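Swiss-Prot has this to say about the protein:
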BINDING   Cys434  heme binding site
CARBOHYD  Asn26  N-linked glycosylation site
CARBOHYD  Asn168  N-linked glycosylation site
CARBOHYD  Asn280  N-linked glycosylation site
CARBOHYD  Asn412  N-linked glycosylation site
TRANSMEM  4-24  transmembrane segment
Amino acid sequence: MEPFTIFSLVVASLVFFACWALVAPNTSKNLPPGPPKLPIIGNIHQLKSPTPHRVLKDLAKKYGPIMHLQLGQVSTVVVSTPRLAQEIMKTNDISFADRPTTTTSQIFFYKAQDIGWAPYGEYWRQMKKICTLELLSAKKVRSFSSIREEELTRIRKILEFKAGTPINYTEMTIEMVNNVICKATLGDCCKDQALLIELLYDVLKTLSAFNLASYYPRLQFLNVISGKKAKWLKMQKRLDDIMEDILKEHRAKGRAKNSDQEDLVDVLLRIKDTGGLDINVTDEHVKAVVLDMLTAGTDTSSTTLEWAMTELMRNPDMMKRAQEEVRSVVKGEHVTETDLQSLHYLKLIVKETMRLHAPTPLLVPRECRQDCNVDGYDIPAKTKVLVNAWACGVDPGSWENPDSFIPERFENSSINFMGADFQYIPFGAGRRICPGLTFGLSMVEYPLAHFLYHFDWKLPYGMKPHELDITEITTISTSLKHHLKIVPFPKSSLAK
């Protein structure tokens, strides 16, 4: 279709809905306060920012910790303090346990039959049970330790070869995390791993990209006439072909001799074949959950590693203390995952990194399942809800010097990742808390300990710590706008 024709249709549709909005009755008399709405678009323009979590925090200073935004036709509530986050994810958790329906999640995750996007109900409960007890249990995560060790040994050899020259730390950690996740999820049964990873990033970018029809549900035809839906369906077909080959290869090789040798696809196929659930698991369910596993941690773990190293490069005293701890605890040639239990300061660094640099500062949106009341305001059913986890993490009422990187703040503190402390919710909380929490931490703590034990690190070209650019950008997650490039130097006493 000609671009001018598409443009004309868009304009005509928006004018129609603007008129419709002017005469549509307000179904709630007591919505939370919020910034003024522009005609047609409402508050969409206020989220068109490289750092929307910061924009929303600034708006909350003016309009309050619970705000109403009109994003096109989508009524949206934003909460920005620990108290209000607790109202959403604990007090009224069952009322806000749904996910908004999106065209992209329906296409890429087999009609949202995964764990992340599935609507709240019996199917979701059963699949989360599988995830918690089988796929991502602490025992299962430990069984992947050899995969992590093997990948970090490979990385170490590369860094030793490139010693004394700048390396792209950001790209290195992304590749490392992708390799471990693919091996843990798929085993050796993916001959198209490079293509699969490329497609996964395309999916993640699509899910996080601006899509006009997401804000105007009655304009879904725009995805058709613009060619977007055809493009998404083509991407999904390529992904499904790879997923189908993976299932065939797993079935051909037969079951693993014991559970410690199972990858995540093996686990799902075993559950599918043996039953034991209140639902009939199909191949589509298996593929949807596998895609969840592959996409959920792909960007967040590497982003946390990037920010942790960035803060250590900016704070040489912290770097020195962390390295001294690792090198005093580790007794052999290699860091083991058992050593992590004694790396107290390193764990504080990871905690503080995820507080100040939450990889997903705005948690995955929730949707109100029924009319309810929060903090004295009416929240109608189908309202989209955004929890600003980053704003909770820098809330001045909960944290001293909230904008400063101070790992010691967690010393002798009971605050943890588990979702009970609403001033600290990098993995979310309540029924929809991220089930991959243990796996995600294993992909941050162990690699970071490895990097600090085997190498000293310097900034390139004589750069000073305070000169390091920490400009943020939000795409799939919130990362450095410019990749972190640093110089590795193997410890002479440890180098081969």
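In case you wondered, yes, glycine gets a Cβ from its N, Cα and C as well.
What Swiss-Prot annotates, mapped onto the structure for a quick look.
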residue : record                      : Cβ within 10 Å
Asn168  : N-linked glycosylation site : 13
Asn280  : N-linked glycosylation site : 8
Asn412  : N-linked glycosylation site : 6
Cys434  : heme binding site           : 24
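Annotation note: Asn168 (N-linked glycosylation site) sits in a strand segment as assigned by DSSP. Looking at Asn280 (N-linked glycosylation site) and Asn168 (N-linked glycosylation site), their Cα atoms lie 46 Å from each other. Each residue contributes its Cα atom, and for Asn168 (N-linked glycosylation site) and Cys434 (heme binding site) those atoms are 29 Å apart. It is 25 Å from the Cα atom of Asn412 (N-linked glycosylation site) to that of the residue listed as 'heme binding site'.
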